[in-house]
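Annotated features in TrEMBL:
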ACT_SITE  135  active site, proton donor/acceptor
ACT_SITE  163  active site, schiff-base intermediate with substrate
BINDING   47, 205  pyruvate binding site
SITE      46  site 'Part of a proton relay during catalysis'
SITE      109  site 'Part of a proton relay during catalysis'
């Protein structure tokens, strides 16, 4: 299927406090995204630290996000796992709780085969009527969805697209060629948002847009309008901020950046740690150079 996402989607951080998930703080961040023109919010993706959350916390966050969105923005829930049955169960739960779509990262650590990937996505897609986005990030998972494999997965009716974060533009272009007209291509790597959009991508699933939603939306709008000059200007402005947002492993800088904007993002859960002070200084400088109002 095509046409599920178009424009900027934000891979949301999950704010934690001493009592667990800070739902009120999450709601404030949702409003910031909506005001910035974000098309969809990805909840419980990699940036949301679901690996360190309980099932009760996940369910509460999904319920809250769906209710708070109230149809103003699409809510896509991350349900991927290295256990297919667990991924299926999470997908069924997300649909019951009112999600608009599913994001499923490839199985990680146990490193399934390409045939295993097809079976994995088939099982998830058949468990729901919702659009399902495949997520390819081999640098984290140890598994790479090859273009010819994605072409097979794209034949599944409710596969909406692939979030491509392999970092390999030759592979991205081949995937785009093989899935065109069957499902969509989404950028999953902020540094490559512009070239992936130019290759026919219909959306970006961004970490940087946590901090600068309007800036990422502007880039998408410029590319879609065919205004290459403006798109390059937007991209040139975003690049230093993007680099700073990945100066440490995601979502450490994103949380530090949101705290600096005055949001209650909290700190990452262990085993992730707080940002190093030298890196924080680089991040805050990039935010100021971008034109963001840094409060802390």
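Cβ coordinates come from backbone N, Cα and C, glycine included.
Taking every protein chain shown into account, 109, 135 are the recorded positions, and of these the Cβ with the most other Cβ atoms within 10 Å belongs to 135. Shown in sequence order, 11, 12, 13, 207, 210, 250, 251, 254 are the residues of the chain, 6+ apart in sequence, with a C-beta less than 8 angstroms from the C-beta of residue 47 (pyruvate binding site). Between the C-alpha atoms of the residue listed as 'active site, schiff-base intermediate with substrate' and residue 135 (active site, proton donor/acceptor), the distance comes to 5 Å. The secondary structure of residue 109 (site 'Part of a proton relay during catalysis'), as reduced to three states from DSSP, is coil rather than helix or strand. Neighbour density at the Cβ, taken as the number of other Cβ atoms within 10 Å, is lowest among the recorded positions 46, 163, 205 for 46. Cα spacing between the residue listed as 'active site, proton donor/acceptor' and residue 109 (site 'Part of a proton relay during catalysis'): 15 Å, rounded to the nearest whole number. Between residue 205 (pyruvate binding site) and residue 46 (site 'Part of a proton relay during catalysis'), the C-alpha separation comes to 11 Å.
Of the recorded residues, residue 46 (site 'Part of a proton relay during catalysis') and residue 109 (site 'Part of a proton relay during catalysis') place their C-alpha atoms 15 Å from one another.
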